[in-house]
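A quick write-up on the structure given underneath.
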Amino acid sequence: MVASSYFLLAVFLALASSQAIASDPSPLQDFCVADKYSPVKVNGFACKDPMAVNADDFFKAAKLDEPRNTMHSKVGSNVTLINVMELPGLNTLGISIARIDYAPLGENPPHTHPRATEILTVLEGTLYVGFVTSNPNNTLFTKVLNKGDVFVFPQGLIHFQFNPVHDKPAVALAALSSQNPGVITIANAVFGSKPPISDDVLAKAFQVEKGTIDWLQAQFWENNHY
């Protein structure tokens, strides 16, 4: 009897932990179209009345087949993300999509998605991509991708994409395992926070002079997500 109780407890804890580590909550109905105007605050969005839902809640004329402008980006890339904020029907479904355009020698700089794994497919051109594992190993995994190639970036890990070709642009399509994956661009977060992180803190963290940190914090850290 005691052994049986321990077994049931272990099964319950396993089920509970599997839900706790899930990126997005699993839906309990066919759909839960986001009601962005609801005063109810939940982890995500409250559901729109199903009787008021129509096909447009699941549709967006995003024109992801059209090239995006990378000319005004200091890092030479343009990320067009379609998440629950753009497409209410994604609420609770645990998925979003992004088109990423890269200028020649452009990059999507090191960043993380705190709530999603990303799978990237190259549509045109060539990309040098990679991600770094967590402490203490900090192992770098990299690959050169060509048209039609696919690469996965595990959830929460720092990753990047770079177009190594000097005279041709590149395009990729990314699927992410969250309705709202979030993005933390490392340079922007560390050197462009508002208010700024103390230069004493960053100088010690990066083992450089405070003047170097002050110079970095004075730069314009652009957001390439449009």
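Cβ coordinates come from backbone N, Cα and C, glycine included.
Feature annotation from TrEMBL assigns signal peptide to 1-22. Summarising the annotation, TrEMBL assigns disulfide bond to Cys32-Cys47. If you look up TrEMBL, you'll see 62-214 marked as domain 'Cupin type-1'. As annotated by TrEMBL, oxalate binding site applies to Asn108, His113, Glu118. Here TrEMBL flags His111, His113, Glu118, His159 as Mn(2+) binding site.
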* To do: Consider the binding-site residues Asn108, His113, His159 and say which one has the Cα lying nearest the Cα of Cys32 (disulfide bond).
  => His113
* Asked: What are the other residues, in sequence order, whose C-beta lies within 8 angstroms of the center of the C-beta atoms of Asn108, His113, Glu118 at the oxalate site?
  -> Ala98, His111, Thr112, Ala116, Leu120, Phe153, His159, Ala174, Leu176, Pro181, Val183
* Lowest local Cβ density among Cys32, Cys47, which the record lists as disulfide-bonded residues, within 10 Å -> Cys47
* Structure fact -> Other C-beta atoms within 10 angstroms of the C-beta of His159 (Mn(2+) binding site) total 22
* Asked: With the Mn(2+) site defined by His111, His113, Glu118, His159, which remaining residues of that chain have Cβ atoms positioned within 8 Å of the Cβ centroid?
  -> Thr112, Ala116, Phe131, Phe153, Leu157, Ile158, Pro181, Val183
* Give me the non-local Cβ neighbours of His111 (Mn(2+) binding site): same chain, 6+ apart in sequence, Cβ-Cβ under 8 Å, ordered along the sequence. => Ile158, His159, Phe160, Val183, Ile184, Thr185, Ile186
* Asked: Including all protein chains shown, what's the count of other C-beta atoms within 10 A of the C-beta of Asn108 (oxalate binding site)?
  -> 29
